[in-house]
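Swiss-Prot lists D15 with the feature active site, nucleophile. What Swiss-Prot lists as active site, schiff-base intermediate with substrate is K56, and the listing cites sequence analysis. Marked as Mg(2+) binding site by Swiss-Prot: D15, A17, D189.
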Amino acid sequence: MNYKNPTHLQAAILDWAGTVVDFGSFAPTQIFVEAFAEFDVEVSIEEARGPMGMGKWDHIRTLCDQPQIAERYRKVFGRTPTDDDVTAIYQRFMPLQIEKIAVHSALIPGALETLTGLRQNGLKIGSCSGYPKVVMDKVVELAAKNGYVADHVVATDETPNGRPWPAQALANVIALGIDDVAACVKVDDTVPGILEGRRAGMWTVALVCSGNALGLTYEGYRALDPNTLEAERKRIHAMFEGSRPHYLIDTINELPGVITDINQRLARGEMPQAV
(Lines of atoms letter the chains of each structure in order from A and count residues from 1; the text may use other names and numbers.)
(Lines give C-alpha, C1' and ligand atoms only; values in the text may rest on other atoms or scores of the structure.)
Protein backbone atom coordinates (compact mmCIF):
# COMPACT_ATOMS: atom_id res chain seq x y z
CA MET A 1 0.00 0.00 0.00
CA ASN A 2 1.20 3.50 -0.82
CA TYR A 3 0.36 6.80 0.84
CA LYS A 4 -1.64 9.23 -1.27
CA ASN A 5 -2.28 12.84 -0.33
CA PRO A 6 -5.95 13.70 0.18
CA THR A 7 -7.34 15.68 -2.74
CA HIS A 8 -10.17 17.43 -0.90
CA LEU A 9 -11.39 18.26 2.59
CA GLN A 10 -13.58 15.77 4.41
CA ALA A 11 -14.38 17.61 7.66
CA ALA A 12 -14.45 20.97 9.39
CA ILE A 13 -13.71 20.87 13.13
CA LEU A 14 -15.35 23.91 14.69
CA ASP A 15 -15.03 25.67 18.00
CA TRP A 16 -18.27 26.82 19.64
CA ALA A 17 -18.30 30.18 21.50
CA GLY A 18 -17.08 32.97 19.23
CA THR A 19 -17.12 30.65 16.22
CA VAL A 20 -20.65 29.29 15.75
CA VAL A 21 -22.50 30.69 18.78
CA ASP A 22 -22.09 33.68 21.14
CA PHE A 23 -20.67 36.44 18.93
CA GLY A 24 -17.87 38.07 20.94
CA SER A 25 -17.50 35.04 23.25
CA PHE A 26 -19.19 36.68 26.22
CA ALA A 27 -20.59 33.64 28.05
CA PRO A 28 -17.32 32.33 29.53
CA THR A 29 -15.64 35.72 29.95
CA GLN A 30 -18.22 37.37 32.17
CA ILE A 31 -18.53 34.27 34.37
CA PHE A 32 -14.79 34.26 35.10
CA VAL A 33 -15.16 37.82 36.39
CA GLU A 34 -18.15 36.86 38.53
CA ALA A 35 -16.52 33.70 39.91
CA PHE A 36 -13.43 35.58 41.10
CA ALA A 37 -15.64 38.33 42.53
CA GLU A 38 -17.29 35.78 44.81
CA PHE A 39 -13.85 35.36 46.39
CA ASP A 40 -13.47 39.16 46.65
CA VAL A 41 -10.80 39.15 43.95
CA GLU A 42 -11.22 41.59 41.07
CA VAL A 43 -10.51 40.39 37.54
CA SER A 44 -11.28 42.62 34.56
CA ILE A 45 -13.00 41.46 31.38
CA GLU A 46 -9.76 42.09 29.48
CA GLU A 47 -7.77 39.95 31.93
CA ALA A 48 -10.38 37.19 31.80
CA ARG A 49 -10.18 37.05 28.00
CA GLY A 50 -6.41 36.45 27.98
CA PRO A 51 -6.20 32.62 28.18
CA MET A 52 -9.46 31.98 26.31
CA GLY A 53 -9.58 28.71 24.41
CA MET A 54 -8.03 26.62 27.16
CA GLY A 55 -10.03 24.28 29.38
CA LYS A 56 -11.71 26.27 32.13
CA TRP A 57 -9.68 24.91 35.07
CA ASP A 58 -6.47 25.61 33.16
CA HIS A 59 -7.85 29.05 32.26
CA ILE A 60 -8.38 29.87 35.94
CA ARG A 61 -4.93 28.51 36.82
CA THR A 62 -3.38 30.72 34.15
CA LEU A 63 -5.24 33.77 35.47
CA CYS A 64 -4.09 33.00 39.01
CA ASP A 65 -0.49 32.79 37.78
CA GLN A 66 -0.61 36.36 36.49
CA PRO A 67 1.34 38.45 39.03
CA GLN A 68 -1.25 41.20 39.40
CA ILE A 69 -4.09 38.73 40.02
CA ALA A 70 -1.99 36.60 42.36
CA GLU A 71 -1.21 39.74 44.37
CA ARG A 72 -4.88 40.67 44.64
CA TYR A 73 -5.60 37.15 45.86
CA ARG A 74 -2.75 37.35 48.39
CA LYS A 75 -4.14 40.57 49.83
CA VAL A 76 -7.45 38.82 50.53
CA PHE A 77 -6.24 35.38 51.66
CA GLY A 78 -2.65 35.96 52.77
CA ARG A 79 -1.20 33.59 50.16
CA THR A 80 -1.00 33.19 46.41
CA PRO A 81 -3.50 30.75 44.86
CA THR A 82 -2.77 27.02 45.13
CA ASP A 83 -4.28 24.34 42.90
CA ASP A 84 -6.87 23.73 45.62
CA ASP A 85 -7.79 27.42 45.46
CA VAL A 86 -8.08 27.18 41.67
CA THR A 87 -10.39 24.20 42.08
CA ALA A 88 -12.54 26.16 44.55
CA ILE A 89 -12.91 29.00 42.03
CA TYR A 90 -13.63 26.48 39.27
CA GLN A 91 -16.33 24.83 41.37
CA ARG A 92 -18.00 28.21 41.77
CA PHE A 93 -17.51 29.00 38.09
CA MET A 94 -19.32 25.87 36.89
CA PRO A 95 -22.84 26.46 38.28
CA LEU A 96 -22.65 30.13 37.28
CA GLN A 97 -21.71 29.09 33.75
CA ILE A 98 -24.49 26.53 33.46
CA GLU A 99 -27.01 28.98 34.89
CA LYS A 100 -26.17 31.78 32.45
CA ILE A 101 -25.10 29.99 29.29
CA ALA A 102 -28.51 30.52 27.70
CA VAL A 103 -28.05 34.30 27.80
CA HIS A 104 -25.32 34.01 25.15
CA SER A 105 -26.58 31.01 23.16
CA ALA A 106 -27.61 32.71 19.90
CA LEU A 107 -26.03 31.44 16.69
CA ILE A 108 -23.67 33.84 14.97
CA PRO A 109 -25.64 35.55 12.18
CA GLY A 110 -25.30 33.57 8.95
CA ALA A 111 -23.54 30.60 10.56
CA LEU A 112 -26.38 28.12 10.10
CA GLU A 113 -26.70 28.88 6.39
CA THR A 114 -22.92 28.66 5.97
CA LEU A 115 -22.70 25.27 7.68
CA THR A 116 -25.67 23.94 5.73
CA GLY A 117 -23.78 24.81 2.56
CA LEU A 118 -20.65 23.02 3.76
CA ARG A 119 -22.64 19.88 4.48
CA GLN A 120 -24.27 20.05 1.06
CA ASN A 121 -20.73 19.99 -0.35
CA GLY A 122 -19.95 16.78 1.53
CA LEU A 123 -18.15 18.06 4.63
CA LYS A 124 -18.71 16.48 8.02
CA ILE A 125 -18.95 18.92 10.94
CA GLY A 126 -16.98 18.05 14.06
CA SER A 127 -16.65 20.31 17.06
CA CYS A 128 -14.77 20.87 20.29
CA SER A 129 -14.67 23.45 23.07
CA GLY A 130 -12.90 24.65 26.17
CA TYR A 131 -16.14 23.94 28.04
CA PRO A 132 -16.41 20.74 30.12
CA LYS A 133 -19.09 18.22 29.18
CA VAL A 134 -21.63 19.37 31.76
CA VAL A 135 -21.63 22.83 30.13
CA MET A 136 -21.33 21.53 26.57
CA ASP A 137 -24.44 19.41 27.01
CA LYS A 138 -26.39 22.61 27.68
CA VAL A 139 -24.70 24.50 24.83
CA VAL A 140 -25.48 21.66 22.41
CA GLU A 141 -29.10 21.53 23.57
CA LEU A 142 -29.58 25.26 23.06
CA ALA A 143 -27.87 25.21 19.65
CA ALA A 144 -30.12 22.37 18.50
CA LYS A 145 -33.17 24.48 19.32
CA ASN A 146 -31.70 27.11 16.99
CA GLY A 147 -31.14 24.56 14.22
CA TYR A 148 -27.44 23.66 14.64
CA VAL A 149 -26.41 20.08 15.38
CA ALA A 150 -22.76 19.11 14.92
CA ASP A 151 -21.92 15.59 13.77
CA HIS A 152 -19.68 15.13 16.79
CA VAL A 153 -18.84 17.08 19.96
CA VAL A 154 -15.77 16.75 22.20
CA ALA A 155 -15.66 18.63 25.51
CA THR A 156 -12.39 19.58 27.15
CA ASP A 157 -12.72 16.98 29.93
CA GLU A 158 -13.38 14.12 27.51
CA THR A 159 -9.70 13.85 26.52
CA PRO A 160 -6.53 13.56 28.65
CA ASN A 161 -5.43 17.07 27.67
CA GLY A 162 -7.37 20.07 26.40
CA ARG A 163 -6.11 22.81 24.12
CA PRO A 164 -3.52 23.64 22.96
CA TRP A 165 -2.94 19.87 22.88
CA PRO A 166 -4.38 18.21 19.73
CA ALA A 167 -6.44 15.53 21.51
CA GLN A 168 -9.92 17.03 21.04
CA ALA A 169 -9.41 17.66 17.34
CA LEU A 170 -8.02 14.16 16.85
CA ALA A 171 -10.94 12.64 18.78
CA ASN A 172 -13.19 14.19 16.13
CA VAL A 173 -11.11 12.64 13.35
CA ILE A 174 -11.58 9.19 14.88
CA ALA A 175 -15.29 9.59 15.61
CA LEU A 176 -16.09 11.00 12.16
CA GLY A 177 -14.17 8.29 10.33
CA ILE A 178 -11.79 10.69 8.57
CA ASP A 179 -8.87 8.88 6.94
CA ASP A 180 -6.31 11.71 6.95
CA VAL A 181 -5.83 14.70 9.26
CA ALA A 182 -4.76 16.77 6.25
CA ALA A 183 -8.34 16.44 5.00
CA CYS A 184 -9.58 18.44 8.00
CA VAL A 185 -9.76 22.15 8.73
CA LYS A 186 -9.86 23.47 12.31
CA VAL A 187 -11.75 26.76 12.76
CA ASP A 188 -11.34 28.73 16.00
CA ASP A 189 -11.28 32.24 17.45
CA THR A 190 -8.45 31.62 19.96
CA VAL A 191 -4.72 30.98 19.83
CA PRO A 192 -4.96 27.70 21.83
CA GLY A 193 -7.58 26.47 19.37
CA ILE A 194 -5.39 27.25 16.36
CA LEU A 195 -2.41 25.56 18.03
CA GLU A 196 -4.65 22.53 18.61
CA GLY A 197 -5.37 22.32 14.90
CA ARG A 198 -1.76 22.90 13.91
CA ARG A 199 -0.53 20.18 16.27
CA ALA A 200 -3.18 17.82 14.91
CA GLY A 201 -1.77 18.31 11.40
CA MET A 202 -4.84 20.10 10.04
CA TRP A 203 -5.49 23.22 8.02
CA THR A 204 -6.34 26.07 10.39
CA VAL A 205 -8.58 29.12 10.12
CA ALA A 206 -8.49 31.89 12.73
CA LEU A 207 -11.62 34.00 13.21
CA VAL A 208 -10.71 37.62 13.74
CA CYS A 209 -13.93 39.49 14.46
CA SER A 210 -16.57 37.09 15.83
CA GLY A 211 -14.76 35.91 18.91
CA ASN A 212 -12.68 36.59 21.94
CA ALA A 213 -10.00 38.74 20.32
CA LEU A 214 -12.30 41.55 19.20
CA GLY A 215 -14.72 40.94 22.06
CA LEU A 216 -17.67 42.89 20.67
CA THR A 217 -21.30 42.03 20.10
CA TYR A 218 -22.41 41.59 16.50
CA GLU A 219 -24.00 45.04 16.64
CA GLY A 220 -20.80 46.52 18.05
CA TYR A 221 -18.75 44.89 15.30
CA ARG A 222 -21.07 46.18 12.60
CA ALA A 223 -20.95 49.69 14.07
CA LEU A 224 -17.14 50.00 13.87
CA ASP A 225 -15.94 52.62 11.44
CA PRO A 226 -13.65 51.28 8.68
CA ASN A 227 -10.43 52.73 10.13
CA THR A 228 -11.06 51.29 13.59
CA LEU A 229 -12.01 47.91 12.14
CA GLU A 230 -8.85 47.77 10.05
CA ALA A 231 -6.71 48.71 13.06
CA GLU A 232 -8.37 45.96 15.11
CA ARG A 233 -7.79 43.44 12.32
CA LYS A 234 -4.08 44.29 12.28
CA ARG A 235 -3.87 43.95 16.08
CA ILE A 236 -5.60 40.58 16.05
CA HIS A 237 -3.59 39.29 13.08
CA ALA A 238 -0.44 40.08 15.07
CA MET A 239 -1.87 38.27 18.10
CA PHE A 240 -2.41 35.10 16.03
CA GLU A 241 0.94 35.28 14.21
CA GLY A 242 2.82 32.95 16.55
CA SER A 243 0.22 30.19 16.20
CA ARG A 244 0.61 30.27 12.39
CA PRO A 245 -2.97 29.91 11.15
CA HIS A 246 -3.17 29.12 7.44
CA TYR A 247 -6.01 31.63 7.02
CA LEU A 248 -7.49 34.56 8.94
CA ILE A 249 -11.05 35.65 8.22
CA ASP A 250 -13.55 37.91 9.97
CA THR A 251 -16.31 35.36 10.66
CA ILE A 252 -17.33 31.82 9.78
CA ASN A 253 -19.40 33.18 6.91
CA GLU A 254 -16.19 33.60 4.88
CA LEU A 255 -15.30 29.93 5.37
CA PRO A 256 -16.75 28.59 2.08
CA GLY A 257 -14.20 30.59 0.09
CA VAL A 258 -11.42 29.21 2.27
CA ILE A 259 -12.70 25.65 1.76
CA THR A 260 -12.58 26.16 -2.00
CA ASP A 261 -8.99 27.43 -1.79
CA ILE A 262 -7.85 24.55 0.45
CA ASN A 263 -9.39 22.01 -1.93
CA GLN A 264 -7.47 23.58 -4.80
CA ARG A 265 -4.24 23.42 -2.79
CA LEU A 266 -4.84 19.79 -1.84
CA ALA A 267 -5.49 18.96 -5.49
CA ARG A 268 -2.08 20.48 -6.29
CA GLY A 269 -0.45 18.25 -3.70
CA GLU A 270 -0.01 20.84 -0.93
CA MET A 271 -0.24 19.65 2.67
CA PRO A 272 -1.02 21.73 5.80
CA GLN A 273 2.05 20.54 7.69
CA ALA A 274 4.33 21.91 4.97
CA VAL A 275 3.14 25.53 5.16
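Positions of Cβ are set from backbone N, Cα and C atoms, glycine also.
Everything Swiss-Prot records as a feature, shown here on the structure.
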residue: D15; record: active site, nucleophile; contacts (Cβ under 8 Å, 6+ apart): G53, S127, C128, S129, V187, D188, D189, T190, G193, G211
residue: A17; record: Mg(2+) binding site; contacts (Cβ under 8 Å, 6+ apart): S25, A27, P28, H104, S129, Y131, V139, D189, G211
residue: K56; record: active site, schiff-base intermediate with substrate; contacts (Cβ under 8 Å, 6+ apart): P28, Y90, F93, M94, Q97, G130, Y131, P132, T156
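The record gives D15, A17, D189 for Mg(2+). Within 8 Å of the mean position of their Cβ atoms, the other Cβ atoms in that chain belong to W16, G18, T19, V20, D22, S25, G53, S129, D188, T190, G193, L207, S210, G211, N212. Mapped onto three states, the DSSP output places the residue listed as 'active site, schiff-base intermediate with substrate' in helix.
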